[in-house]
Amino acid sequence: MSLHSWRSHKHKSSAVQSSRAIFSSYQQRRQAFDSTAAKGSFPQYFSSQTGTQTTDDDKDKAAPLAPSGTWLDRMPKSIQPYLYLTRIDKPIGTWLLFWPCAWGITMASYGAHLPWTSTLYTIGLFGTGAVIMRGAGCTINDLWDRNIDKKVERTKVRPLASGAVTPTQAVAFLGLQLGAGLAVLTQLNVYSILLGASSLSLVATYPAMKRITYWPQVVLGMAFNWGALLGSSAMLGAANWPVALPLYASGVCWTLVYDTIYAHQDKKDDIKIGVKSTALRFGERTPEYLAAFSTGMVSMLALAGYMNDQGPLFYALSVGGAAAHLAWQLKTVDYEKPADCWSKFASNKWTGALVFSGIAGDYLQQMFM
């Protein structure tokens, strides 16, 4: 629909007209990207200002202006910007938020010999919460970073940065997201409600950390792995700290690994605009640091298993599987290629799945054998 035809709808407010016009431009750039990308086996990269194609030599140096068409493009145009704001088309963030919850829930169930029905129900509840709160976290992050995102090639077409969603609209949408998250949280016991609510300060302050410290990934790790604590308390009425704390520490170390890899995508832009990250802090010593954090992740995971009296499947699949997958990531990642950094970052959904497989294997063996 053209801007002229929008203006013919007298009952639409000027704010909505402006938002839709900007989003139309956003969609046109996406369509141009998609049609050109379809001509070759590798995505093409464009300048948002000129729409011109870069050379082949720049393919690994630039981030795509917009992703290929997704299922969100088939949704009503009035809600598309909000769906893109939640990154629901990129579920990796939801997986990374969900897995520590599933670990904590299932380890608590194994340790206390709880029935599989309550375990499965709680995992489903936390899965719903992960989808909602990951989206809320993205909204908070983009509200903080909307002016920065305009200057970064990979993020300049995000709804707030491009103007498809205004800050006022985003705040109203965030209210809906947090309300939905609260509805999930109130299904838990009082201890867990208070514990879960206490994590909001971490979620809200993480974007600010990128402006004041080279270690924002620590705060992100503390926020993203809160589910390891919350899953324990949801099943037991209170967190089993001797198990939950090392499991939580394992998750924080894991986040430092995968989000440092992620941050290497934007390091050149981050230097220019003054955004800090562990990728910039570690620099050429990134492999050494990530090897140390990977060791920390695996060691703390093993300690949590020991404290919970886990069985052989845990050590073979969870500990051994995570160690092998992290070793593969660190051996093969190319920190100078954004596409490879994204690929390795996204592969961490399998790291989380491997950890869960051993915990679940022990639990199912306990229940049914």
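All positions are counted from 1 along the displayed chain.
Placed from the backbone N, Cα and C atoms, the Cβ positions cover glycine too.
Quick caveat, the model's predicted, so the values are computed rather than measured.
According to TrEMBL, the protein has these features:
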type	residues	note
REGION	44-67	region 'Disordered'
TRANSMEM	92-112	transmembrane segment
TRANSMEM	118-136	transmembrane segment
TRANSMEM	157-176	transmembrane segment
TRANSMEM	188-206	transmembrane segment
TRANSMEM	218-239	transmembrane segment
TRANSMEM	245-263	transmembrane segment
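When Cβ-Cβ distances below 8 Å are used as the criterion, the transmembrane segment (245-263) is approached by residues 96, 100, 103-104, 107, 217-218, 220-222, 224-226, 228-229, 232, 270, 277-280, 282, 286, 289-290, 293-294, 296-301, 303-304, 307, 326, 329-330, 333, 335, 341-342, 344-345, 348, 351 of the same chain, each at least six residues removed from its ends. Within the same chain, residues 96-98, 100-109, 112, 114, 118-119, 122, 126, 130, 137, 188-189, 191-192, 195-196, 199, 202-203, 205-206, 209, 245, 247-248, 250-256, 259 sit at least 6 positions outside the transmembrane segment (218-239) and bring their C-beta atoms closer than 8 Å to a C-beta of that stretch. With a cut-off of 8 Å between Cβ atoms, the residues of this chain six or more beyond the transmembrane segment (92-112) that come close are 118-119, 122-123, 126-127, 129-131, 133-134, 137-138, 224-232, 234-236, 240, 243-244, 247-248, 251, 255, 258, 304-305, 308-310, 345-346, 348-349, 352-353, 355-356, 359-360, 362-363, 366. Outside the transmembrane segment (118-136) by six or more residues, the chain places 85-88, 93-94, 97-98, 101-102, 105-106, 109, 174, 177-178, 180-181, 184-185, 187-188, 203, 227, 230-231, 234-235, 363 with a CB less than 8 A from a CB of the stretch.
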